[in-house]
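Have a look at the structure below, then the notes.
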Amino acid sequence: MALAEPHHILPLPVFDKPVKLLIVVAPYYRDVADQLVEGARATAAACGAETDLAEVPGALEIPTAIAIAERLAKYDGYVALGCVIRGETTHYDTVCNDSSRAISLLGLQGACIGNGILTVETKAQADVRAEAAGQNKGGGAAAAALHLIALARKWAGTTRSIGFGA
Ligand SMILES: Nc1c(NC[C@H](O)[C@H](O)[C@H](O)CO)[nH]c(=O)[nH]c1=O
Ligand SMILES: CC(=O)[C@@H](O)COP(=O)(O)O
């Protein structure tokens with residue numbers, strides 16, 4: 001089945017050396033997670049990237065799993081996949097904000113991470129965004145990680161030509 005192009009405006013990068021991604025998925029909503037993973041795997045395969053998969057209980061555990069894996073230095077990048085649907089309390093805000101902020105902080109520390117954690121109001125919204133043949137947010141998250149890996153490799157070994165204290 002042809003999968004939808006991930007919603008990214010950049011052509012997928014081309015790699016001359018192997019790439020290994022770790023997909024960290026929180027299958028809190030299993031059917032949604034499966035679609036996200038399918039899209040991410042298809043995008044990784046389109047770039048010739050190898051993928052491993054790790055499952056965690058919920059979106060809040062995704063950044064911790066990535067941090068643990070990053071210390072092992074086995075992967076070039078990470079794809080964070082999950083689905084957070086608003087309930088009756090403010091816990092939704094905690095799960096969304098803390099998982100995304102932790103992922104951003106890991107990125108600022110140098111981890112190449114694509115964030116495909118859906119934060120939605122309804123299951124129907126999640127289904128449309130997760131569907132690999134639909135909006136394919138999983139594919140988009142994988143594409144984001146791959147772009148960061150390509151950028152990091154392009155710049156590896158370069159030094160700043162100017163700058164204070166360079
Ligand atoms: N409500 C959702 C959660 N909640 C669980 C948390 O992510 C976490 O696992 C728990 O607080 C224990 O630390 N997780 C999701 O991924 N999606 C949700 O809708
Ligand atoms: C996003 C959540 O944590 C949510 O599923 C929790 O539901 P509730 O706010 O009704 O406890």
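The backbone N, Cα and C atoms fix where each Cβ goes, and this holds for glycine too.
The 5-amino-6-(D-ribitylamino)uracil binding site annotation in TrEMBL covers TYR28, ALA59, LEU60, GLU61, CYS83, VAL84, ILE85, ASN115. Residues near ILE85 (5-amino-6-(D-ribitylamino)uracil binding site) in space but far in sequence (CB under 8 A, at least 6 apart, same chain), listed by position: TYR29, TYR92, VAL120, GLU121, THR122, LYS123, ALA126.
The (2S)-2-hydroxy-3-oxobutyl phosphate binding site annotation in TrEMBL covers GLU88, THR89, ARG129. DSSP assigns THR89 ((2S)-2-hydroxy-3-oxobutyl phosphate binding site) to coil in the three-state reduction, placing it in neither a helix nor a strand.
According to TrEMBL, the feature active site, proton donor maps to HIS91.
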Protein Cβ atoms within 10 Å of CYS83 (5-amino-6-(D-ribitylamino)uracil binding site), excluding its own: 29
Candidate recorded positions GLU88, THR89, HIS91, ARG129, pick with smallest Cα gap to ALA59 (5-amino-6-(D-ribitylamino)uracil binding site): HIS91
Least buried by Cβ count (within 10 Å) of the recorded positions HIS91, ARG129: HIS91
Site with most surrounding Cβ atoms, counting all protein chains shown within 10 Å, from the binding-site residues THR89, ASN115: ASN115
Fewest Cβ neighbours within 10 Å, where candidates are the binding-site residues GLU61, GLU88: GLU88
